[in-house]
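So the structure is just underneath, and the comments pick up after that.
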Amino acid sequence: MALNVVILAAGKGTRMRSDLPKVLHPIAHKSMVQHVIDTAHSIGSDAIQLVYGYGADKLKSALGEQQLNWMLQAEQLGTGHAVAQAIPNIDDNDTVLILYGDVPLIQASTLEALLAARPDHGVAILTVNLVNPTGYGRIVREQGKVVGIVEQKDANAEQLAINEINTGIMAVPGKALKTWLGRLSNNNAQGEYYLTDIIAMAHADGVEINTAQPQSAIEVEGANNRVQLAQLERAYQAREAEKLMIAGANLRDPSRIDIRGEVTVGMDVMVDVNVIFEGKVVIGNNVSIGAGAILIDCEIADNAEIKPYSIIEGAKLGVAASAGPFARLRPGAELMQDAHIGNFVEMKKAVLGVGSKAGHLAYLGDAQIGAGVNIGAGTITCNYDGANKHLTVIEDNVFVGSDTQLVAPVTIGKGATLGAGSTITRDVGEDELVITRVKQKHLTGWQRPVKIKK
């Protein structure tokens, strides 16, 4: 029995006041619908039917080449009509799970519980109890058993008093779903084909209907405007921050952190305020991350320190390495064990060896730097000739004086010393001292220019 997921994503989202289709608005730098797609994959879906309508080109461009079946809903005539567009790709023996592209916080564990609650040949619907259920369809029960769902505009006074509401998420047998969708009518206050009407049909056909509930109501909330989108963003961030704390991170203020990807942390990790994580970030034990740092697709080893306002992207920090404040590691950069870069040092496709240091104001690009090297302030590897990038090699225990330019390709041998202000254009041998600056001149009695009075 295959799990066939139908995701409804055809709406325009007029209240968003945007040209972007509603489901493409982001939560944690990922579109709402992509969150739903990822969750569907995580529970082992065999197929995903994406029902789309408004903004088709933008939707297809944003979602790219994914394992999706695109099912067009040319007219938005209700949720039942939307699901019906997926019928050509649904087999009789499928379990059909219906999800919504603007409900991004639904968790895999909740969907697994819903699927487990579905009886053989029966239906399972996800419900939640709200203090204020206004606007939602109500779950109608008789003697504890679900007999139907009534929408807000069609409900009588007794039904409006019901607090258990329909989330719209349900698991339905494929063959029965086809039959029930074929019976739908739009004879209601909205003039639409309600998916919810299939529940009364299931009851009338003697089909068993079970329910499940999420761990939190926020899982099933959608975003119809930017205020609700911001609320979902905060809820998502709170949930992700909680995961980090449970895993061993000490967050200085859990409400002032942004997690926009997959973060793995070790024990006793300290994270100060306003830190941003993006992509896949792996952090070891006893790591300290200062305020305002940005970590993107990087690996941080045990006991490393990232000082405030540093940007670490596509890079690695070794054991007890440190960066910052105001340092930038670009893709391909790596600090080996005990290596350090300080304020306003930038590295790209460069390795700084064990115990080596670049304390201030340097650019190290396309460079292999050995152990025990000191990089003076203002040092630049001149790696680009206007057409191609070239490699700088600095071997172990080299001392590079301040304001030195290394014009690549060039190799500096072990133990060499480069005098401050030098421009190095040729290879330097081991233990050599190289000074290329112009000889210092002393002009006695020099008279400074005097300003001319006007």
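Numbers here mean position along the shown chain, with the first residue as 1.
Positions of Cβ are set from backbone N, Cα and C atoms, glycine also.
So that you can see what the record holds, here are the features copied from Swiss-Prot:
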type	residues	note
REGION	1-226	region 'Pyrophosphorylase'
BINDING	8-11, LYS22, GLN73, 78-79, 100-102, GLY137, GLU151, ASN166, ASN224, ARG330, LYS348, TYR363, ASN374	UDP-N-acetyl-alpha-D-glucosamine binding site
BINDING	ASP102, ASN224	Mg(2+) binding site
REGION	227-247	region 'Linker'
REGION	248-454	region 'N-acetyltransferase'
ACT_SITE	HIS360	active site, proton acceptor
BINDING	ALA377, ASN383, TYR384, SER402, ALA420, ARG437	acetyl-CoA binding site
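Across the annotated binding residues for acetyl-CoA (ALA377, ASN383, TYR384, SER402, ALA420, ARG437), the two most widely spaced Cα atoms sit 22 Å apart. Taken residue by residue, the region 'Linker' (227-247) breaks down under DSSP into 21 helix, 0 strand, 0 coil.
Counting other C-beta atoms within 10 Å of each candidate's C-beta, the binding-site residues LEU8, ALA377, ALA420 are led by LEU8. The Cβ of GLY78 (UDP-N-acetyl-alpha-D-glucosamine binding site) has 21 other Cβ atoms within 10 Å, all protein chains considered.
Around the Cβ of ASN383 (acetyl-CoA binding site), a 10 Å sphere holds 23 further Cβ atoms from the protein chains shown. Between the CA atoms of GLU151 (UDP-N-acetyl-alpha-D-glucosamine binding site) and ARG437 (acetyl-CoA binding site) there is a gap of 83 Å, rounded to the nearest whole number. DSSP assigns ALA420 (acetyl-CoA binding site) to coil, not to a helix or a strand.
The recorded positions examined here are ARG330, HIS360, ARG437; by Cβ neighbour count within 10 Å, the least packed of them is ARG437. Closest in space to HIS360 (active site, proton acceptor), of the binding-site residues given as GLY11, ASN383, SER402, ALA420, is SER402, taking the CA atom of each residue. Across the fold, the C-alpha of ASN383 (acetyl-CoA binding site) and the C-alpha of ASN224 (Mg(2+) binding site) stand 50 Å from each other. All chains included, 15 other C-beta atoms sit within 10 angstroms of the C-beta of ASN224 (Mg(2+) binding site). The region 'Linker' (227-247) scores a mean pLDDT of 98 in the predicted structure. Within 10 Å of the C-beta atom of TYR384 (acetyl-CoA binding site) sit 12 other C-beta atoms, taking all shown protein chains into account.
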